[in-house]
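Record features (Swiss-Prot):
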| type | residues | note |
| --- | --- | --- |
| ACT_SITE | ASP12 | active site |
| BINDING | ASP12, GLU199 | Mg(2+) binding site |
| BINDING | 13-17, ARG25, HIS29, 57-59, TRP61, ARG63, ARG180, 186-188 | substrate binding site |
| ACT_SITE | ASN60 | active site, proton acceptor |
Amino acid sequence: MTTPAHVAIIMDGNGRWAKARGMPRLAGHRAGVEALRKTVRAAPDLGISFLTVYAFSSENWSRPKAEVSDLMGLLKLFIRRDLAELHQSGVRVRIIGDRAGLQADIRGLLEEAESLTARNESLTLVIAFNYGGRDEIVRTARKLASAAARGEIDAESITADSFAGGLDTQGIPDPELVIRTSGELRLSNFLLWQAAYSELVFLPCYWPDFSREHLAEALREFAGRERRFGGLGQQDVASRPAAG
């Protein structure tokens, strides 16, 4: 079975999971953290080398202040409680997103996680925090424009590859598979550049219910697809009339 090296997940449905059980939204987010732990443990066993998770979008700041505060607290708790285990398990942590507007203590924790695990190789866990695909593209364009204005690069020499090299995901391969839970059918501003040719799998379960079997199910779905990258599939090639 063909296994994608890089799987990205939109972890959606924490609030609805909690509401369906008559629980506060925070309970859903806490259950979501536990689902993340299980997924991180399962990923290397299933042959995944890179796992990117949409933890907090740049649009999430518009949520009620109490919920934002709860989410920040859960991030701090996750890193403080789980970082040692991640490191011992050989997991490398990478953070993508705009760190400029984050509190100093959160920035420090994110940097600590990256620094401590920088040499690990069993799995790269990419946490998208204060991340938005459009924002990432705009920030990259600004960096390149500034470099061109300083004469450091020739604007005419910018290519898709050189632009990608300026993204937050520099050095990380594009995801072959993007999974979204909760039944919603959209990308929600997630990895807009990187997911250009990704296979998309939408699962009806809410994120707190996501399990190893759900991940394996998505991998089986991926293995059954033919990736064309804008070209012809094998059946299309086989059905073309022979030249003569």
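Keep in mind that glycine also has a Cβ here, set from the backbone N, Cα and C atoms.
Cα distances from GLU199 (Mg(2+) binding site) to the recorded positions GLY13, GLY15, TRP17, ASN60, TRP61 are smallest for GLY13.
Taking the recorded positions ASP12, GLU199 in turn, the residue surrounded by the fewest other Cβ atoms inside 10 Å of its Cβ turns out to be GLU199. Taking a C-beta cut-off of under 8 Å and a sequence gap of six or more, TRP61 (substrate binding site) has these contacts in its own chain: VAL68. Within 10 Å of the C-beta of GLY15 (substrate binding site) we count 21 further C-beta atoms, all protein chains included.
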